[in-house]
């Protein structure tokens, strides 16, 4: 920062007659030197998803009752938390001090140095309070990197007038009776079929670069499954699942909890939600899997040292049990706090229960955090789509899977 | 003779029919966009031509939306485009005039360099522009305006073509009478170039209303939607968090229609100048 | 630099100026503006002097350091994570920010060049003053100097601000991006990166991106040719239809088409994408009319590449024909009638007239703007990005789809998943080379055409 301030001054002197004459401090916020109550002070900028701004403003109000000396500015993430990686990478020093980010981006952000490991104290609290999958979700190379506050896994939403609770337990019966709609071009929706088929994504740990064993018979089985869906009259490719569910052309869709409120509105009393069904891959009935994602708040490593403590404190506060429940109530985000999952509002909510079921091992796989996953997302989409649309012929499955495996196993 | 007349009439009506069919084909999607902006929709996807249910709530929703302050965007864009219009027009016209009417050693070089610079894709400069503006603490509307104005010096081709068509003898006569070149520029060049000024002003005025790339890169890091311009704001509505595109899709269309109407009107007014400019420029190469 | 046709004094070599000049003349070789001040050209002298002082101050305080850092783009390349006992948190010691170092290094080089240029201007003006003094010519007074700015030096007044704008917002970013192509700036070296020579070029042209680059390049060229040719040809036809005898309310008809072009592209094209969706209105309409049995996948991710490419060209016609119609209208109105009349007399039918008279004439007038359109289409970001987003997917490509152009791929490489900034800079340079070669070739051809 010093470098370019000097520069700004220097070049301004030379170009003094020009329009470029404006120059100012690019410091990251004001500081309050006195350390107040609790010994925490500073000023912190917080990025959250745009629909959640008002909820977090009220949470921050409570936070300020406890930590009056921390000045917090809540704004929306420029392109949403799902693009946190690129938004922060664009210019880490301009990004927020605390920002919302899905757990699969933590690995790359950690290895690029955009975020710090959490302090031993915070690590202890997180491990104590939250469910195991959430803790695993924020762990990268044996260190915790972010504060988890919600989990996301896709579930099956269905129209009760078309399908019964019994029907939706198996893909084959369900698609024989009605139509399931999903988007085969989004790997987040359909890549887990590979996992259901018995392959691993970056190994069991999710941190093994060479562990994506799709170039096997299991991988081929998954490819055959995709290809079979193209001819299945009960499966529909669409870019807008909600529209198809509403119009009645689809009886069930695969979607995440973020759309639950909308779907409830569309279906009214016919609203049904269930964990994923079983599917038949390679002649065997297996549980269809989904990705388990953990929504987290991370602290920017570019945050000024004097604000680090305040930022970490804020991140911890807005992910504690009470805050998780506020966000659950306002936004339908499924909490990961152990005791929050025991509350009545959680247990009575079918969506929350379905997501919780999906979060069990066997039903879902935690999204890996490997930086190389960027390549995987890029390459998996055309691969799966190729199998689905038939542009990849069955004879070529193995070759394509092998080149896919080689591409994603390369530390680029 | 009679058959000739009938043939003429047949040919004319055939041509009318063809034109009418083409107009329908051309305007059909536009009409659909307007219909979509009036339709009630809660799935983020419009799958029908004719709305199932008409509503004005998209428009009122867009205007009253707190998360996406449409009126602030309008104001920001108006500000940026007005300032950019005044400065860019002045710069473009003076560069074009200088290169067309004045002779100096650097002229040929300047034309060549401008030609070369124009061939680099503009996207290449985005990252650099961001850091340049950042180091001067100008990641805001003023900085965005400067980016628009900064490019004006290179967009002189059409205006230069226009000046090239005005005979130089007019200038020479004035200079004989003892006018300085500045006076010639002020009293002869500028009045003659009125259509060109209108054309340049309108194009530079419209640019900020339709650019969502540069405005996004420069304005997004503030995270404050109040600071956006209209094009980026609307674009951002669709591409922000999961589920928002569902909620705001029809409001987005309504917002689009609201800004497309004035721009379209401006453009229709401008078309005459556009044609004059581009043909005058094309004649001379 | 300046126009001095008639009052040009006999020249003197710099050697003569240095040897025979008085002490202020000699001093001007080191202290800019000294001789101007001596000759009472206060404004000019002071401007020179102040600039030099400012430059030297800048050079000492930051210029030298930024120039020297340019050689390695910062010494610290890897981050270090340390535990801060006092606060109980981990802190990351970040690498030197090469982005900023490179940018200001480039800026420093540009300032240096600008200063050398100014120094040269200073020398010329010193020489001029020396010669005038030697030959007892008239030395311009302050007032005359300033007045000349509005007369024979008007160009320098009118061009100053535009040139500063061009340097700051076009040249500096362009040079910066060109230099980025020679580094390893990517997602793995996102803060501290280093010079790696032609490695990134190697990656694009023969490394892991070559399998994407050449097919995408091929499609880009096909696209540019098709998009330019179709809009031009049908634009001319449409213009002739509207201009043909007997059609009334011509302005009204033209306006109808222009509306499509006037609607901002991010509106019309984004909505067009939905209009053409697999379950979109167009497919539903065609289905309900029973024109098709099964929805057509025009531009979806799993569409047939050929279908998608044709769709893109057709949609581009929808947007582009109105403009070229407008332009050709103006040309048609100004076409000399006599040739056409003569041809008609000779019994040529309308098609023959069009083929051998009207069309060649329009082509002749439009040739330069067609070349510009061609270059514009190579860089046509909006149509592809907003309409298809590069879809359909292609499992042989990396980070691009079947309809992606080089420029949208460039954008994906920067802002997409993989963040390969250096590769995108390489693409930018290659796009420039392609555009330059094509326009050079085309301008040559059209010039020859005009002369012959």
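Residue numbering: from 1, along the chain as shown.
Just so you know, glycine gets a Cβ as well, placed from its N, Cα and C.
Any TrEMBL annotation is an automated prediction that lacks curation.
Positions annotated as domain 'ABC transmembrane type-1' by TrEMBL: B:74-270.
If you look up TrEMBL, you'll see B:12-35 (among others) marked as transmembrane segment. If you look at the transmembrane segment (B:12-35), the same-chain residues 6 or more away from its ends with a CB under 8 A from one of its CBs are 49-51, 253, 256-257.
Feature annotation from TrEMBL assigns transmembrane segment to B:78-99 (among others).
As annotated by TrEMBL, transmembrane segment applies to B:111-133 (among others).
Annotation source TrEMBL lists transmembrane segment at B:139-159 (among others). Here the transmembrane segment (B:139-159) has long-range neighbours at 76, 79-80, 83-84, 87-89, 91-93, 95-97, 99, 114, 117-118, 129-130, 133, 193, 196, 199-200, 204, 207-208, 214-215, 218-219, 221-222, 227, 229, 277-278, 280-281, meaning same-chain residues at least 6 beyond its ends whose C-beta is under 8 angstroms from one of its own.
Remote same-chain residues near the transmembrane segment (B:196-219) are listed as 77, 80-82, 84-85, 88-89, 92-93, 96, 123, 126, 129-130, 133, 139-141, 143-144, 147-148, 152, 158-159, 162-163, 190, 227-232, 234-236, 259, 263, 266-267, 269-270, 273-274, 276-277 (criterion: CB distance under 8 Å, separation of at least six residues from the stretch ends). Annotation comment: TrEMBL describes B:196-219 (among others) as transmembrane segment.
If you look at the transmembrane segment (B:248-269), the same-chain residues 6 or more away from its ends with a CB under 8 A from one of its CBs are 33-34, 36-37, 39-41, 44-46, 58-59, 61-62, 65, 68, 70, 74, 202, 205-206, 209-210, 230, 234, 237-238. Residues or ranges marked as transmembrane segment in TrEMBL: B:248-269 (among others).
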Long-range environment of the transmembrane segment (B:78-99) - Cβ separation under 8 angstroms, sequence gap at least 6: 107, 110-111, 141, 144-145, 148-149, 152-153, 155-156, 159-160, 162-163, 185, 189-190, 193, 196-197, 200-201, 204-209, 229
